[in-house]
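Here is the structure we will look at, set down as structure tokens.
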Amino acid sequence: MDTQTPPVIEALEAKSRRHYKISTVFHVVGIAWGAATFGYGGSIIGTTLGQPSFIKYMGLDTAPNADQLLGAMNALFYIGGIIGGFLAGFLSDKYGRKFTVLFGAAITLVATALTAGSVNIAMFIVFRAIVGLGCFIELATAPLWITELVPPKDRGILSDATAIGVNVGYVSASYVGVGFFYYKDAPLSVWRAPLAIGCLPCLIVLLWVPFIPESPRYLLLKDQIDKAWEIVKRLHSTSDDPDHTYARAEFNQMRTQLAIDRGLKSGYIEMFRRPSYRKRVFMGMGLTFALQSSGVLVINNYGTLLYKDLGFNTAQQLLFQAGWLAVSFSLNCAAITIVDRLPRNILMTIGLTGCLASLISEAAIQAKYLGGTNKSALAGGVAMLYSYVFFYAMFLDGCSFWYVGEIFPSHLRANGFALAMAGICLADIIWLGAAPTAFADIGWKYYLFFIIITAITTVTVFFTFPNTLNVPLEEVARLFGDHDEIAVHANQSMKQTISDKHESKDGSIATYEHVDSLKS
């Protein structure tokens with residue numbers, strides 16, 4: 001399947017290394033802090049469960065149903081997340097991407113403060129669910145906004161900011177937990193402080209995001225053409241392209257395509273009614289469900305318990321967990337060097353294959369050596385968990401966000417992200433809710449579920465997922481057979497834009513500042 005960049009655009013791209021300004025990166029980083037609220041809010045439970053003060057304060061050291069309560073803390077977070085994901089889809093299309101990110105941050109801020117102030121386990125679980133709602137509003141909207149804001153050539157690199165943001169939250173939560181564990185002579189309520197620090201990324205979002213422009217594609221859907229053009233011109237132009245040739249061509253394609261999209265049926269029913277839309281739903285929701293079903297959140301949230309089973313003490317458990325997340329963050333940053341160099345399906349297949357091999361090795365080590373005295377073998381169990389995160393962070397973490405954003409058309413993209421987030425939540429409700437009891441009752445056999453699902457996903461992605469690398473969002477429809485929904489191709493748009501720049505009769509170069517000149 002040919003997904004190469006059209007030759008006319010290639011000529012322009014050879015002239016400039018990128019088609020966005022540093023201010024675009026600044027805006028992307030600001031949006032990515034929305035993902036960091038999810039990373040911290042979702043991950044802090046892992047270090048909280050490793051804090052003896054929390055276990056004692058909540059009575060989990062003596063409660064006969066402690067495993068069930070631990071499962072409920074995680075499961076209800078993701079039940080709230082399902083609601084948050086669908087709410088994000090509605091709010092994003094109704095009020096805009098910017099409003100939705102700010103709304104999610106405000107909810108998360110209040111709920112996080114109340115979670116930190118919980119006086120009993122019931123209050124903690126209830127507000128933990130509301131934190132999940134707010135966090136998933138952020139997680140569903142931040143990558144949607146970034147995908148629509150950045151140019152196609154570097155979409156993977158810039159969209160990986162979402163995964164990096166998530167891991168900033170993960171790493172911060174983990175090392176905050178380690179720091180408070182070593183707080184000597186701490187009061188019994190010391191567990192509250194790491195949770196309360198989760199308010200910080202919410203505050204950053206609330207202070208930064210108001211200065212970030214709205215998604216131009218959302219503005220076009222609302223027929224705010226001039227505002228959309230000003231944003232694209234400002235963000236997608238460089239000194240090598242003073243006439244905004246690339247930005248004009250890109251906007252021409254956006255505007256023409258969105259004129260068609262506004263007239264198409266939208267909504268969740270339509271997404272399942274049309275075969276090509278239904279295929280995208282299964283791919284988007286299936287991908288996020290399958291990636292979470294590879295065990296990544298189980299390792300992240302219950303890492304301290306896994307290292308405990310491998311024979312390590314509390315301090316070692318927290319340090320291993322923090323190190324695992326630090327490696328994940330580092331590799332997320334390194335992933336930007338390859339994300340736009342490999343076909344999307346190949347990139348994901350490499351990651352899935354590596355994760356599969358690591359899971360098989362981990363299960364084998366635990367099956368043979370768990371409970372024994374072979375320290376080298378048990379250290380090998382830790383190594384396999386780190387091997388797993390190498391492949392996941394380097395090849396898979398970002399694709400949950402940019403691939404979902406790429407495969408859905410503009411009028412369905414917010415709903416597509418909502419369904420994809422539901423896929424994440426459903427998987428995590430199943431696996432995280434069952435994990436404490438499963439590891440206690442069946443031990444290493446729990447990994448078999450992750451192994452089987454990952455094996456099936458690897459084959460499916462390699463053979464059936466289209467490569468969307470460098471394909472403009474307005475042209476992805478052709479990869480799913482919807483040629484009738486494409487208004488204009490990028491090379492046609494570029495040719496039209498270049499022809500519009502030919503010398504006028506008086507010999508001067510025509511300059512068009514009003515978007516009416518961008519008609520195809």
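Just so it is clear, glycine is given a Cβ too, placed from its N, Cα and C backbone atoms.
Annotation source TrEMBL lists domain 'Major facilitator superfamily (MFS) profile' at 27-469.
The transmembrane segment annotation in TrEMBL covers 25-49 (among others).
The feature transmembrane segment is assigned by TrEMBL to 69-92 (among others).
Listed by sequence, the residues of this chain that lie at least six past the ends of the transmembrane segment (99-119) yet keep a Cβ under 8 A from its Cβ atoms are 31, 34, 37, 41, 84, 88, 91-92, 127-128, 130-131, 133-138, 141-142, 145, 192-193, 195-196, 198-199, 202-203, 205-206, 209-210. Residues or ranges marked as transmembrane segment in TrEMBL: 99-119 (among others).
Sequence-distant contacts of the transmembrane segment (125-146), counting only residues of its own chain at least 6 positions beyond either end whose CB sits under 8 Å from a CB of the stretch, comprise 28, 31-32, 34-35, 37-38, 41-42, 45, 69, 72-73, 76-85, 87-89, 91-92, 97-98, 100-101, 103-109, 111-112, 114-115, 118, 158-159, 161-162, 165-166, 198, 205, 215, 401-402, 404-405, 413-414, 417-418, 420-421, 424-425. Look at TrEMBL and you will find 125-146 (among others) tagged as transmembrane segment.
Within the chain, the transmembrane segment (158-183) has long-range Cβ neighbours (under 8 A, six or more residues past its boundaries) at 20, 24-25, 28-29, 31-44, 46-48, 50-51, 139, 142-143, 146-147, 150, 190-191, 193-194, 197-198, 201, 300, 314-315, 318-319, 321-322, 325-326, 328-329, 332-333, 335-336, 339, 393, 397-398, 400-402, 405. For 158-183 (among others), the entry in TrEMBL reads transmembrane segment.
With a threshold of 8 Å between CB atoms, the same-chain residues lying at least 6 positions outside the transmembrane segment (195-212) that come near it are 27, 30-31, 33-34, 36-37, 40-41, 44, 48, 98, 101-102, 105-106, 108-109, 112-113, 115-116, 131, 138, 169, 172-173, 176. The annotation transmembrane segment is assigned in TrEMBL to 195-212 (among others).
Residues or ranges marked as transmembrane segment in TrEMBL: 281-299 (among others). Beyond the ends of the transmembrane segment (281-299), by six or more residues, the same chain brings 42, 271-272, 306, 324, 348, 352, 355-356, 359, 385, 388-389, 392, 396, 399-400, 403-404, 407-408, 416, 419-424, 426-428, 430-432, 435, 447, 449-450, 453-454, 456-457, 460-461, 464-465 to within a C-beta distance below 8 angstroms of the stretch.
If you look up TrEMBL, you'll see 319-339 (among others) marked as transmembrane segment.
TrEMBL lists 346-365 (among others) with the feature transmembrane segment. Sequence-distant contacts of the transmembrane segment (346-365) (same chain, at least 6 residues past either end, Cβ-Cβ under 8 Å): 287, 294-295, 338-339, 377-378, 380-381, 384-385, 387-388, 390-392, 394-396, 399, 403, 444-445, 447-448, 450-451, 454-455, 457-458, 461-462, 465, 467.
Here the transmembrane segment (385-404) has Cβ contacts under 8 Å with residues 143, 146-147, 155-156, 159-160, 162-163, 166-167, 284, 287-288, 291, 294-296, 299, 303, 306, 323-324, 327-332, 334-335, 338-339, 344, 347-348, 350-355, 357-359, 361-362, 416-417, 420, 424, 465, 468 of the same chain, all six or more residues outside its ends. The transmembrane segment annotation in TrEMBL covers 385-404 (among others).
Note on the transmembrane segment (416-434): residues 71-72, 74-75, 78-79, 81-82, 84-86, 88-89, 92, 136, 139-141, 143-144, 268, 271, 280-281, 284-290, 292-293, 295, 297-298, 301-302, 400, 404-405, 407-408, 446, 449-450 of its chain, located 6 or more positions outside it, place their CB under 8 angstroms from a CB of the stretch. The annotation transmembrane segment is assigned in TrEMBL to 416-434 (among others).
Annotation source TrEMBL lists transmembrane segment at 446-465 (among others).
The list of residues near the transmembrane segment (446-465) in space but at least 6 beyond its ends in sequence, with Cβ under 8 angstroms from a Cβ of it, reads 283, 286-287, 290-291, 293-295, 298, 344-346, 348-349, 352-353, 355-356, 359-360, 362-363, 366, 403, 431, 434-435, 438-439.
For the transmembrane segment (69-92), the residues of the chain that approach it from at least six positions outside its boundaries are 41-42, 45, 49, 58, 60, 63, 99-100, 103-104, 121, 124-126, 128-137, 139-141, 144, 218, 301, 414-415, 417-422, 424-426, 428-429, 432-437, judged by C-beta separation under 8 angstroms.
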